[in-house]
């Protein structure tokens with residue numbers, strides 16, 4: 001006689017969503033991932049954010065088919081009572097399975113090797129311009145070219161954090177350290193930790209670090225309630241300083257983006273020298289030290305402090321283009337308060353994301369971010385296939401009457417500034433409350 005299945009309710013499952021006690025549901029089967037969270041390649045945070053609920057769609061999005069065979073060792077023996085799958089999720093999983101059958105997740109045709117050669121060429125020209133020319137104009141151009149090389153290295157860092165861009169995991173790691181830590185001075189470990197949290201909790205004001213820029217920026221007046229960042233584990237205080245800075249954020253946005261990489265430097269250092277578990281910490285720190293050796297030396301080779309400052313500002317400002325691009329896809333989209341939900345994975349990803357309309361010959365400029373909706377739904381999909389799958393995603397959204405927002409690069413900038421301006425004006429209203437009318441004052445006058 002077959003053993004009868006044991007079931008737990010959704011309420012009981014929700015009791016297991018704290019550090020040291022993490023259970024998740026995948027296709028109705030309950031798994032205890034408490035111990036695995038310490039070894040999980042994507043870090044513990046995604047498991048903590050999705051614990052106590054069904055995480056099937058997120059699992060499908062982030063893991064290859066081979067990962068399913070390892071689930072059994074985490075099976076608790078319990079099944080989720082009254083487990084059901086929405087029509088949206090059914091279609092999403094079918095689409096993911098179809099892409100897998102087509103081999104799209106394995107065909108990486110975007111030429112990482114060629115891109116590495118381009119980065120090396122840009123870097124070499126920049127160094128040559130500094131060392132072999134006395135012209136200030138050449139030095140300015142050299143700084144700009146270095147900035148462009150950082151942008152392209154950023155795309156490799158982004159892609160290699162989602163899937164293997166090289167022929168082996170070892171070479172993939174070498175590419176990450178070289179292009180991220182050594183060339184750009186940014187920890188690839190920090191990037192993966194931050195970026196995985198962003199993908200899981202897309203546009204959650206409390207859980208998505210990419211929207212937590214207080215006191216400099218606030219994309220929604222909901223942040224004026226001094227929400228808690230569960231990523232940074234601190235309160236995002238909306239104090240007088242934050243109110244003042246946010247009040248002018250639509251004017252300061254582009255200037256801040258020109259120097260946004262300074263924040264990435266700081267975040268990398270805080271991450272690498274924190275008490276948290278950092279895989280390959282030694283490699284990461286060594287790579288960062290390489291950057292902070294060659295870059296200051298290169299700048300010091302310029303003839304005077306004026307040109308040195310010009311070189312740094314030019315390189316940082318050009319790279320600011322990429323920082324703007326990261327903001328365009330999410331700042332003007334829908335936001336929410338609270339933890340991410342696995343039950344409406346597809347809907348949350350499409351609601352909080354904006355695609356950029358552009359011609360195929362401009363794909364190099366956007367690095368795959370122009371198909372941000374597709375990327376968020378299928379993060380393991382190489383960017384060379386994102387344009388190909390876009391019609392399928394649009395069709396699915398249309399079928400279920402879901403948002404599929406697009407805008408040109410120019411209009412996305414306009415929408416972002418309008419979002420910041422709207423929040424800025426609300427911040428000003430809070431700092432300058434509207435005077436009460438004369439009747440109110442007469443009624444409430446004392447003495």
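Glycine too: its Cβ is placed from the backbone N, Cα and C atoms.
Curation plays no part in TrEMBL annotations; they are all automatic predictions.
Predicted, not measured: the structure shown is a model, and the values here were computed from it.
Of the candidate ranges 232-252, 253-273, 316-336, TrEMBL annotates residues 253-273 with the feature transmembrane segment. Feature transmembrane segment, per TrEMBL, maps to range 285-305 of the set 285-305, 348-368, 369-389. It is 111-131, from the ranges 111-131, 174-194, 195-215, that TrEMBL records as transmembrane segment. Range annotated as transmembrane segment by TrEMBL, chosen from 137-156, 397-416, 417-436: 137-156.
Across the domain 'Cytochrome b5 heme-binding' (5-89), the prediction's mean pLDDT works out to 91.
Counting residues of the domain 'Cytochrome b5 heme-binding' (5-89) by DSSP class, helix then strand then coil, yields 33 helix, 22 strand, 30 coil. Counting only same-chain residues 6+ beyond the ends of the transmembrane segment (253-273), those with a CB under 8 A from a CB of the stretch are 150, 184-187, 189-190, 193-194, 216-217, 281, 284-285, 288, 313, 316-317, 319-320, 323-324, 327, 416-417, 420. Within the chain carrying the transmembrane segment (285-305), a Cβ under 8 angstroms from the stretch's Cβ atoms is held by residues 127, 130-131, 134, 139, 177-178, 180-185, 187, 268-269, 272, 311-312, all 6 or more beyond its ends.
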